[in-house]
Amino acid sequence: MLRCYCRVISALGRLTGSMHPALGASSATHRSHTFSVSFLSPQLAALCRPPATQTHVMSNCPLAAQLAFVPTRGFAVAKKRINKLPRLESVAAAAQEPIPADCTFYSDTQKSFEGLDLSKALQEALEASGFSRPSRVQESAAPHILRGRNVVITAETGSGKTLSYIIPIANLMLKQRAALERYQEQQQADPAGVSVRALVRRYHALVLCPNAALCQQVVATVNGLCGPEGEQLLTAAHINSSNPPPFDAPDVIVATPAGLLTIINDAGGAYGWLWSEEGMQARVRHVVVDEADLLLGNAYVKATEQILTIFKVADRRRVEAKVLEELGLVDKSEFDRLPRAIKVAGWRGGVPAMLAEGYKPKRALDPDAKYGPYWRRQYIFSAATMPTITFSDVGSQIQKMYPDATWVSTELLHVSKPQVTHAWHEVSDESFGMTLLEAVRSDADYQARRGKTLIFAADGASADAVSELLFGGHVPHVVYHKSRPKLEQAAALEALREQDGTVMVCTDAAARGLDVQGITHVVQADFAPNTIDFLHRIGRTARAGNSGRATSLYRERNRPLVEVIRKYISEGVPLEAAFSRARSFSRKLKRTGGVFVPRGMPASAVREDNQPATTDSTKNGKVVAATGRAAQSVGSSGIAG
């Protein structure tokens, strides 16, 4: 009986990625969503259901090896690595219970920033900038960042993720600056009595963003934190080949990965030592990868990984030097000849970790010796979409690279926020124009000139075509996409930020990270090519706890994806199981006979009696729930990617 129970729990762990609370894991390590699987008895399902919480912090899962693997062909080689991956989202996302509608933006426990252990100057600067109370994700992330830990922040769009890392990093940098000034004063008073060589250093933070608009937004946020006399607490600058580093290096360096590499590799030394590879390695203490799922995937991954490797190499060298000193090793080659597992332990935890891994020193070590502290650079990853279902997903790769990172997630991750009202219109070439104009004109906020509207098009050419349609319909608007001149792009964003009633036609260049207050309506003239882009588009409205509308126009070719998204939204469950690249969703439907298979779930588990789909389900992208018979074949079926 116990063996059968363990098999069911093991299969369930792979399907949902959740942990079993009865096996000793604390509730803080559970994904806050609950799940419901049809082939379990109500008693067993209740036993396996983790407690629901509003916000969740997750470190490594010590029981993942027992709970997160189903033996299948193709996973045998990678079993050990896969078992260690975090599972913030249930793989069987369609089986989860709805998200409560009362999830709010602001923290329930902190009525001001005073409870986050911030400096008085920073609290006053936040208050002066209009930030009087932390959001849920800011409250959850701040304590871990303030302790210097590596952190992965995953929260829905408009939840305050940018400030969730800027605030604690600013506090750390202000504290370090104050300590530096004290020691410099002591050295001036008594040059012979105070040694501050190791302390007289100014550290910097680096924020990587995918495009210039997001870079400028981060810069504006940092530079907007000012003291009572209007002086900036910290300085920030967007750095690229067109904006070379200023003479006085900023506290916070903001750049795209490719732009930063251009500075480092081509002309870094000409701007000062800091802008060389060695200078970056020595003086950048905090590294933030914003929109991490984008920067670690697609066209950005090569440049981003190159920058992270530059820092990783330096981190290892620093720890190695300290370890060699503590162990009394003269030659670095002695460390290089150690087994890989022991070297990795040394890089991550110094001598104590090496001893725990089984390292046998050549000479006896002092049992009372104190080891460390070891150099620690802080890495922070932030994203509104962070898939973790399969081994190749960005979230899984981050967990592999930074296994000690703390994961901070909110209840509404990968969910269409309850404050968004959706409207869906299937259109043809003939009905498209009138439907789009009606969607814009009929909006009450547009008529009252008190709201702002974003209209998303597939590319620059489509955006220009939509612009002509709006012009013919006498709808005033601006256009924003990469093919337009830089000055025109800047003017469009300025109009959107400053003028109520603005309508902006744009591409997905405006879908990520753009934080503009007062956007009340998002219209998809061209439906999003995948679920991730859909979430980012509709995430431009209903930000910071406000309400908003999303109107989606779609063609017959979009119908399968639309059906799946609408089903998940109506049930109030996360959309991660429907994540895919632009064209892989339709290809997946063809492979499975037209039945939608959630990512990471065995294909047979969602087919009715394991039979091919019908013609109707092929046409409509039918979603089929798991059945008892299908569940019996979980152990031998393939996993959908």
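Using the three backbone atoms N, Cα and C, a Cβ is placed for every residue, glycine included.
Just so you know, TrEMBL annotations never went through curation; they're auto-generated.
What you are looking at is a predicted structure, and each value in this text was computed from that prediction instead of being measured.
Annotation comment: TrEMBL describes 111-139 as motif 'Q motif'. According to TrEMBL, the feature domain 'DEAD-box RNA helicase Q' maps to 111-139. The domain 'Helicase ATP-binding' annotation in TrEMBL covers 142-404. The annotation domain 'Helicase C-terminal' is assigned in TrEMBL to 432-581. Here TrEMBL flags 600-621 as region 'Disordered'. According to TrEMBL, the feature compositional bias 'Polar residues' maps to 611-620.
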Checklist entry - Looking only at residues six or more beyond either end of the motif 'Q motif' (111-139), which have a C-beta under 8 A from one in the stretch? => result 54-55, 104-105, 146, 153, 155, 159-161, 163-164, 167-168, 170-171, 174-175, 224-228, 233, 408, 410, 544
Checklist entry - What is the three-state DSSP composition of the motif 'Q motif' (111-139), stated as helix, strand and coil residue counts? => result 17 helix, 1 strand, 11 coil
Checklist entry - Do you know the DSSP helix, strand and coil residue counts for the domain 'Helicase C-terminal' (432-581)? => result 70 helix, 25 strand, 55 coil
Checklist entry - If you average pLDDT over the domain 'Helicase C-terminal' (432-581), what do you get? => result 94
